[in-house]
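Here is what TrEMBL records for this protein:
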- 158, 159, 162, 174: Zn(2+) binding site (BINDING)
């Protein structure tokens, strides 16, 4: 497999719990990692309901989408963590805790890679769509330090899913990616986005989704290996085409999205 040096942040930076299991104590609440906000099941339910309504009204409220993912993912995240633990590459990711941030990316080197490589196409995606990996919210409401990293990792590879699937950040592209991610991860937030996102599409885009993109996204999602088990930072020089083939993602349909 192609491999390059990674700029992964050290595991300690991800916020390991102190020996007594708590990073700090405030009014009897245990803070498991920097930024963690302890919440009760009722508080999580209220946060989930409020963030779901806000995200449905405005799908580009990434902060509310993030809260929804954390407060509804408690039953799914352990399964995703176990998939990573039972895969050599996924296990290494859990151990090393790489982060995808502008501070960990050598943007100039990635921009200089040949066209078609993962690193070059990822930077092209960021620049063409005017997005940044630094906009991904840190985990707050996940009551397990390791699971908090799992959902953080999911968020930070989201733009790489756009790159591998060849989807832009418009509503149709986001819906297609959410369908793929929903099948891959089972996260309720992804399922809701996949189910309700199409209501904002025009009739023409709905036809394209139903006849071309949705069957491909579902088939790819079912066929692909777990997307969290790929150490993308060590694959920048690998071509997108070969990485798709390795993961099990079928080539995108030749349609305008």
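Cβ from N, Cα, C; glycine included.
Just so you know, TrEMBL annotations are computer predictions that nobody has curated.
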**Number of Cβ atoms other than its own within 10 Å, given for residue 159 (Zn(2+) binding site)** = 21
**Fill in**
So residue 158 (Zn(2+) binding site), by the Cβ count within 10 Å over all chains shown, scores 21
**Chain-internal residues near residue 162 (Zn(2+) binding site), provided their CB is under 8 angstroms and they sit 6+ positions away** = 125, 129, 168, 169, 173, 177
**Prompt:** Near residue 174 (Zn(2+) binding site), which residues of its chain come within a Cβ-Cβ distance under 8 Å, counting only those 6 or more away in sequence?
**Reply:** 59, 167, 193, 197
**Message:** Using the CB centroid of 158, 159, 162, 174 as the Zn(2+) site centre, which other residues of the same chain sit with their CB within 8 A?
**Reply:** 131, 160, 161, 167, 169, 173, 177
